[in-house]
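Structure record follows, encoded as structure tokens.
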Amino acid sequence: MNDLSREDLLQKIRLLELENAKLKESKSAVSTVSDQYEYDAKYPKIDEYFSSDEYKRYGRQMIVPQFGSLISQVKLKKSKVLFIGAGGLGCPALLYLSASGVGEIGIIDDDLVDISNLHRQVLHTTESVGIHKCESAKRYINKLNPHVKVNTYPFRLSNDNAFDIIEKYDLILDCTDTPATRYLINDVSVICGKTIVSGSGLKTDGQLSILNFHGIGPCYRCFYPKPPSPGSVTSCSDGGVVGPAIGLIGITMALEAIKVITDFYTDETFKPFLSMYSGYPQQQIRVFKMRNKQANCAVCGNNPTVLKSTISDNDIDYAEFCGRVNPNVLAPELRISVQEYHNYINSSQGENSILIDVRPKEQYEITKLPNSINIAWDPTFIKADNIDSYLPSNFDKNTNTFVMCRYGNDSQMATKKLIENFGFNEVKDIKGGINKWSKEIDSKIPQY
């Protein structure tokens with residue numbers, strides 16, 4: 001029998017994940033009947049809509065004129081909302097939408113709770129570390145509001161499962177942070193006729209928009225026909241994020257979702273917009289009018305080229321479409337391991353070398369290796385014609401020079417520039433950066 005290719009194996013894994021999810025759903029359906037009897041006994045309805053508990057629970061929002069009284073609460077209860085991502089955006093949005101009385105929620109996220117998530121992902125607790133985020137979120141929601149049904153999908157959204165999942169829900173909340181996933185969510189939602197509430201956040205800023213509103217509003221591809229270059233995309237782990245800033249975006253996503261579900265927006269009154277939030281120096285929210293649906297859009301335009309078949313058949317590789325960052329910019333001989341560097345600096349040759357740390361100043365101030373020099377990749381290395389002013393006055397470009405960053409990515413680019421632009425002759429990148437140093441050499445160096 002021929003060996004399966006990596007792509008074939010991944011395809012089989014994705015199909016097995018989907019089959020497993022369907023089996024869980026069927027098993028859940030069996031237990032749901034008895035659960036429903038127990039629920040009905042505990043919360044008997046006092047009319048065709050709600051129990052006494054629900055009237056008390058939601059009363060404070062039903063009396064708000066803009067909300068829309070009883071009929072809007074009924075619309076919330078009948079709605080099914082899918083959250084793609086249970087992280088910094090998804091957690092606050094889940095918290096407020098489940099509390100508001102959405103009837104059924106789906107959560108898809110293949111990630112596990114990590115302690116580094118807890119400062120901003122407010123549904124997860126210290127006890128949740130190590131379990132799937134969607135399961136952690138479900139536990140919290142079940143305690144918060146027993147009237148909400150929660151479905152979990154502890155795997156990654158893909159071409160193979162996206163249609164089966166998204167078509168079950170009325171509204172999609174895109175709480176992800178990668179362009180490839182955003183394009184997949186957009187394309188499948190447009191084809192399925194679903195409105196998307198989309199948010200993003202990084203550092204102290206964030207933005208929010210409503211996409212494909214009732215099929216008449218612009219979609220993500222209308223705004224961004226081409227993805228950003230891979231090198232320009234910064235993740236939370238690289239760029240950092242202040243919890244309340246991204247939390248505010250998640251909360252506003254929940255409010256916009258309520259407005260969509262309760263028909264506050266209509267086909268006549270909805271205008272495409274982009275809300276942009278800045279947390280520093282002075283908090284502000286600016287709202288920009290966006291262009292309408294584009295006739296030449298690849299998925300929602302007059303002659304679409306992105307179709308259900310092209311997605312389901314994996315004719316579109318979203319990671320390839322958005323570009324892949326090459327993890328190995330340098331030739332192998334220009335890189336060394338942390339152990340090799342450790343051995344070198346503890347040898348007789350180590351005294352005649354220099355270590356350049358290219359992390360941002362804020363990261364360098366958290367922790368650093370002794371005798372290193374901080375010259376940040378961005379903005380210093382990127383913009384500089386030379387770095388002579390940062391180096392000792394007697395520095396010789398034949399000196400053995402080592403370059404370190406946080407994970408071993410920026411340091412490769414800096415090493416390349418030192419050789420090609422600055423004329424350094426003996427330069428090596430330290431693979432894995434200071435994070436790897438902490439794991440393998442010195443655990444007293446904190447991982448952050």
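Quick reminder: no glycine exception, Cβ is built from N, Cα and C everywhere.
Computed from a predicted structure; not experimentally measured.
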Inset, instruction - Have a look through Gly88, Gly199, Gly201, Gly206 and flag the one Swiss-Prot assigns to the ATP site that Asp109, Ser116, Asn117, Leu118, His119, Arg120, Lys133, Asp177, Thr178 belong to. - result: Gly88
Legend entry - List of residues, in chain order, with Cβ under 8 A from that of Leu118 (ATP binding site) and at least 6 apart: His124, Thr125, Thr126, Val129
Inset, instruction - For the recorded Zn(2+) site, enumerate neighbouring residues of the same chain (Cβ within 8 Å of the Cβ centroid of Cys219, Cys222, Cys297, Cys300, site residues themselves excluded), in sequence order. - result: Asn186, Val190, Asn212, Pro218, Tyr220, Arg221, Lys293, Gln294, Ala298, Val299, Gly301
Inset, instruction - Whole-number Å only: compute the distance from the Cα of Cys222 (Zn(2+) binding site) to the Cα of Asp177 (ATP binding site). - result: 19
Inset, instruction - Please report how many Å separate the Cα atom of Cys219 (Zn(2+) binding site) from that of Gly88 (ATP binding site), as a whole number. - result: 23
Inset, instruction - Which residue among the recorded positions Cys222, Cys297, Cys300, Cys405 has the fewest other Cβ atoms within 10 Å of its Cβ, if you could check? - result: Cys297
Inset, instruction - Return the residues near Arg120 (ATP binding site), defined as same-chain residues 6+ apart in sequence whose C-beta is under 8 angstroms from its C-beta, sorted by sequence, else 'none'. - result: Gly87, Gly88, Cys91, Val241, Val242, Gly243, Ile246, Gly247
Inset, instruction - Based on DSSP, name the secondary structure state of Ser116 (ATP binding site): helix, strand or coil. - result: helix
